[in-house]
Amino acid sequence: IYGSKVQYTASMYWVLGFIFLFTLGGLTGIVLSNSSLDIMLHDTYYVVAHFHYVLSMGAVFAIFAGFNFWFPVMTGLVLHERLAKAQFIVMFIAVNMTFFPQHFLGLAGMPRRYSDYPDSYFMWNQLSSYGSLMSVFAVLLFVLIVWEAFLSQRSLLFVDATLYSREWSDGYFPPDFHSNIYQSYITIYKTYYSK
């Protein structure tokens, strides 16, 4: 969240989604740190939901944030912003629909690594399955967005209008030959940092 002025781009949506999901997974980790509860919940779907919130969605959302942010730097093309935001919303709803009901399944005692379960777990399992299908749709939508960016060849209009981070200071692509002989400098404008 560079420069303390948050711009709600698609990559910022992914960053904020990562922070939310990682925090929620961390809060369930606090529950599991209680040894008496951990004995009861250890081999249940509560643990599955916990580590998917922390590890899987944490990594996936951070990767999507980085890809959305650095795609223009890597290719010189821009992703369709509205479609990228829509893809985030679909994915955010889908992963919460997949893994949040698993907390209730774990609290109800549904064990891990079983091939068949009683019918009392059907409703939450069905909701979780619909969420996973929705996640597949969100990933296919992401592939479609990248494909559309390459087909439309929508390039950056102004390199100067981009962010003031190190990645954007050298232009579109890395030079063909790079050495540490010549240093590049970043110009810091006084208007951005004056009080």
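A Cβ is built for glycine as well, from the same backbone N, Cα and C atoms used for every other residue.
What you see is a predicted model, and the numbers here were worked out from it, not measured in a lab.
Listed in Swiss-Prot for this protein:
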type: BINDING; residues: His42, Asp43; note: Mg(2+) binding site
type: BINDING; residues: His50; note: heme a3 binding site
type: BINDING; residues: His52; note: Fe(II)-heme a binding site
type: TRANSMEM; residues: 12-32; note: transmembrane segment
type: TRANSMEM; residues: 59-79; note: transmembrane segment
type: TRANSMEM; residues: 88-108; note: transmembrane segment
type: TRANSMEM; residues: 131-151; note: transmembrane segment
Listed in sequence order, residues with CB under 8 A of Asp43 (Mg(2+) binding site) and six or more positions away: Pro111, Arg112, Arg113
Which of 12-32, 88-108, 131-151 contacts the transmembrane segment (59-79) most, counting Cβ pairs under 8 Å: 12-32
Binding-site residues: His42, His50 - member with fewest neighbouring CB atoms within 10 Å: His42
Distal contacts, the transmembrane segment (88-108) - CB-CB under 8 A, six or more residues away: 10, 13-14, 17, 21, 28, 41, 44-49, 52-53, 57, 60, 64, 120-121, 124-125, 127-128, 130-132, 134-135, 137-139, 141-142
Asp43 (Mg(2+) binding site): secondary structure state under DSSP, collapsed to three categories: coil
